[in-house]
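To start, the structure under review is shown below, and the notes come after it.
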Amino acid sequence: MVNLGKDTYPVYIGSNLLEISNIFFPIESNTQVAIITNDVVFKIWNKKITYYLHKLGAQVKNVIISDGEIYKNIDTVEIILSTLLKYSYCRDAVLIALGGGVIGDITGFVASIYQRGIKFVQIPTTLLAQVDASIGGKTSVNHVLGKNMIGSFWQPSSVIINFDFLNTLPRRQLISGIAEIVKYAVSFDVNFFNWLEENLERVLKLDYSALSYCINRCCEIKISIVEKDEKEIHDRMLLNLGHTYGHAIETFLGYGTWLHGEAVSVGIVMASKTSELLGFMKDNDITRIISLLQRVGLPISGPKNMSFESYISNFKRDKKVISGKLRMVLPVFIGNVKIFSNVHENILMSVIKNC
C-alpha cells in the first residue's frame, strides 16, 4: 500500500494475480476502460487481460502504439487523446497501462490531463517498470531536447506487479531492469547489494523466490520514500542515482538507442567515480559495483563519440537543477547516497574522459 492520504493505493505483487476477483479496482461493471499498450505486449497478453475485464462487465477498447522509447512523445499522447474523445470516454473512465515504463509514463500523463484527470491502473510488464517506474505517480513524455521534460505527478488507482509477465520478457529488457535493482542496492541497502552479489545468477534465471525478494525490496524502498516526499522536493531525488549521466546519454544517442537501464548502469559508474574524486567513494566499493554490473551484462562506459560539451548541455536541462545549480545524486559508500550541489566542471570532465 502506498499511503498518500486521499491518493492512497494498493500495490499487488505476485503470480497469477489476474485471477483475483477485485484486482482491477476501481474497474467494475459498465466501466469504460481503455487499455494502452504496445504492439509487442498486445500480441502476448491483451487477450488474457481483456478476458478478465469482460468478466467484470467492463466496456473495453484497446489503444495500441508502437514499441519503444522513441514513441514516448506528444504525438503519441495526441493519438491516445483522440481515441478517448472519438469513443466519448467520460470522467469516470479508467485507463490501463499494460506495458513497460514507456507505456506507464504515457498512460499516466494522459490520465492526468484528460478532462482534467481520470483514473488509471498500472500493470507493468517489464522488470524495470515493476521495480521502479510503476510506483510513485511520475508521468511524462520526452522532448527532443530532454528526457521526461513534459509531465506531471498523477498517482495510479492501483499497481498490479505480476511476475508471470517476465517469462516473455526479452533478455535485453531483463538485463536493463536489473540496473535499477542495482541502483536501489547501491543507494539504500548494503545488505541487498551483498545479496545480489551472491544471488545474481538466480535473478538472471528468473528464479521465483529471488525475483520475489528483489521486486519486493525495491518496491518497499520506493514506497517508503514516495510516502515521505511525493513531489520530489528532496528525499525522492535520492532515487535518481545514475540518472543525471544516464539521461544525458539517452538524449544524446536518440531515445531507444540504449535502453534506460543500460544508460543508468553507466550513470551509476560515473556517479561513483565522481564521488571518489570528491573524496567519498572508496576504490574497493567502485570495483564491486562495476563487477556486479559487468556480471549482469550491462555497459560500464559511456558512448565514445559523446563529448564533454554534450554531457554538460544536457546537465543544464536536468530536472534537479535549481536556480541554475546542478544537483547530483552520488553514492558516499555502498548503501548510502547524498545530493551534491555544484560539482566542479574539472571533476566532471575527468570522470567523463575516463569512462
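Glycine is treated like the rest: Cβ placed from N, Cα and C.
Database features (Swiss-Prot):
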- 67-72, 101-105, 125-126, Lys138, Lys147, 165-168: NAD(+) binding site (BINDING)
- Glu180, His243, His260: Zn(2+) binding site (BINDING)
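Sequence features annotated in Swiss-Prot and their locations in the structure.
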residue: Asp67; record: NAD(+) binding site; DSSP (3 states): coil
residue: Gly101; record: NAD(+) binding site; DSSP (3 states): helix
residue: Thr126; record: NAD(+) binding site; DSSP (3 states): coil
residue: Phe165; record: NAD(+) binding site; DSSP (3 states): helix
residue: Glu180; record: Zn(2+) binding site; DSSP (3 states): helix
residue: His243; record: Zn(2+) binding site; DSSP (3 states): helix
residue: His260; record: Zn(2+) binding site; DSSP (3 states): helix
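Note: Gly101 (NAD(+) binding site) has non-local neighbours Pro124, Thr126, Leu128, Ala129, Asp132, Ala133, Ser134, His260, i.e. same-chain residues 6+ apart with C-beta under 8 A of its own C-beta. In this structure the alpha carbons, written CA, of His243 (Zn(2+) binding site) and Asp67 (NAD(+) binding site) are 22 Å apart.
Within 8 Å of the centroid defined by the CB atoms of Glu180, His243, His260, the record's Zn(2+) site, lie the Cβ atoms of Leu128, Asp132, Ala179, Lys183, Gly242, Gly246, Gly261, Ala263, Val264, Gly267, excluding the listed residues themselves. Under a cutoff of 8 A between CB atoms, and with a sequence separation of 6+ in the same chain, the neighbours of Phe165 (NAD(+) binding site) are Trp45, Pro124, Thr125, Thr126, Gln130. If you count neighbouring Cβ atoms within 10 Å for each of the binding-site residues Thr126, Thr168, the highest count belongs to Thr126. Taking the Cα atom of each, Thr168 (NAD(+) binding site) and Glu180 (Zn(2+) binding site) are about 19 angstrom apart.
Of the listed binding-site residues, namely Asp67, Glu180, the sparsest Cβ surroundings within 10 Å are found at Asp67. The sparsest Cβ neighbourhood within 10 Å, among the listed binding-site residues (His243, His260), is found at His243. For the pair Glu180 (Zn(2+) binding site) and Asp67 (NAD(+) binding site), the Cα-Cα distance reads 21 Å.
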